[in-house]
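The domain 'N-acetyltransferase 1' annotation in Swiss-Prot covers 4-141. Swiss-Prot lists Leu80, Val81, Val82, Arg88, Arg89, Gly90, Ile91, Gly92, Thr93 with the feature acetyl-CoA 1 binding site. Annotated domain 'N-acetyltransferase 2' per Swiss-Prot: 152-315, in sequence order. The acetyl-CoA 2 binding site annotation in Swiss-Prot covers 238-240, 245-251, 287-292.
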Amino acid sequence: MTALDWRSALTADEQRSVRALVTATTAVDGVAPVGEQVLRELGQQRTEHLLVAGSRPGGPIIGYLNLSPPRGAGGAMAELVVHPQSRRRGIGTAMARAALAKTAGRNQFWAHGTLDPARATASALGLVGVRELIQMRRPLRDIPEPTIPDGVVIRTYAGTSDDAELLRVNNAAFAGHPEQGGWTAVQLAERRGEAWFDPDGLILAFGDSPRERPGRLLGFHWTKVHPDHPGLGEVYVLGVDPAAQRRGLGQMLTSIGIVSLARRLGGRKTLDPAVEPAVLLYVESDNVAAVRTYQSLGFTTYSVDTAYALAGTDN
């Protein structure tokens, strides 16, 4: 097998090769092997990159692993992909072992879709599932009409003047969350720069009563229309200020966002005429209350992503 090559940065050609690898693998597996944050990191120097090149000099990359640094009390996070035509050669196992060696065993691995090759690799390395992220979907029809309670005003994102309140609520709602917590203006700016960003898709709920501080954000629903998947929208981030919980804001914001997605996707056709437009979301499997709320809104389980770690480690 070709040698493993750790990098702190990737050239433009290497970035393109990794993106092509991800695209080819997604087409075969039906699920992206890495999350969008990994693609966002290809041009940065905030994570480490492990490359496996093909046997032909100057040929395409056939294996890639991204290793992000630890956040908070948790360990590092790795995501990897092997070209479908290069599987069963030990490349994935070798990359995973290299990541474990670099972190002294203190890292997790995301397995998107929890596919058979990922389960087999995890078993061979003595890894066990430590976290599950459920993808749920529902069709964009028969949407419950949202009811906006008294004392709440809804509007969409007006620009960077909203950022301070947006960050305050996000970081309070996701305190301790490994991916969504601890955001700064950098994370917001990166997402505003994405091709899919639409200010009308970022829905904000403000308090409007004598007891509320003027301009206080109660919650938000950041929706996303997938440019590469016609007819598919996403509940990208839904956050409610912990101090404003138990007021039905989460369900209200979810419904408003779904209505917004249905309006924006109404004229778009899916790649498969037999598949109707839909909205997806991700939720932690142990967040039972959220799962039940989404089920009550018509969402059902579509797939499950699993985070694996060495058995017996505190990851």
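Every residue, even glycine, has its Cβ placed from backbone N, Cα and C.
The structure, with features from Swiss-Prot marked on it.
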residue : record                    : DSSP (3 states)
Leu80   : acetyl-CoA 1 binding site : strand
Thr93   : acetyl-CoA 1 binding site : helix
Leu238  : acetyl-CoA 2 binding site : strand
Arg246  : acetyl-CoA 2 binding site : coil
Asn287  : acetyl-CoA 2 binding site : coil
So if I measure Cβ to Cβ from Asn287 (acetyl-CoA 2 binding site) and keep only same-chain residues at least 6 apart in sequence, which ones fall under 8 Å?
none
Integer Cα-Cα distance in angstrom, Thr93 (acetyl-CoA 1 binding site) to Val291 (acetyl-CoA 2 binding site):
33
Note on acetyl-CoA 1: the CB centroid of Leu80, Val81, Val82, Arg88, Arg89, Gly90, Ile91, Gly92, Thr93 has further same-chain residues inside 8 Å, namely Val52, Gly63, Ser86, Arg87, Ala94, Met95, Pro117, Thr121
At its widest, how many Å does the recorded acetyl-CoA 1 site span between Cα atoms of Leu80, Val81, Val82, Arg88, Arg89, Gly90, Ile91, Gly92, Thr93?
15
Using a Cβ-Cβ cut-off under 8 angstroms and a sequence gap of six or more, which residues of the chain neighbour Leu238 (acetyl-CoA 2 binding site)?
Gly219, Phe220, His221, Trp222, Gly250, Leu253, Thr254, Gly257, Leu281
Provide, as an integer number of angstrom, the distance between the C-alpha atoms of Val240 (acetyl-CoA 2 binding site) and Leu80 (acetyl-CoA 1 binding site).
32
Cβ-Cβ distance under 8 Å, sequence separation of 6 or more, same chain as Gly248 (acetyl-CoA 2 binding site); the residues meeting this, in order, are Pro149
Using a 10 angstroms cut-off on Cβ to Cβ distances, just flag whichever of Val240, Ala289 is the loneliest among these binding-site residues.
Ala289
Least buried of the binding-site residues Leu80, Ile91, Val291, going by other Cβ atoms within 10 Å?
Val291
One of the binding-site residues Arg246, Ala289, Val291 has its Cα closest to the Cα of Leu80 (acetyl-CoA 1 binding site), namely Val291
If you measure Arg89 (acetyl-CoA 1 binding site) to Val291 (acetyl-CoA 2 binding site) at Cα, how many Å is it?
39
I want to check the contact list for Val82 (acetyl-CoA 1 binding site): same chain, sequence separation of six or more, C-beta distance under 8 angstroms. What comes out?
Thr25, Val52, Ile62, Gly63, Ile91, Gly92, Met95, Pro117
Within 10 A of the CB of Arg89 (acetyl-CoA 1 binding site), the number of other CB atoms across every chain shown is 15
In this predicted model, the domain 'N-acetyltransferase 1' (4-141) has a mean pLDDT of 94
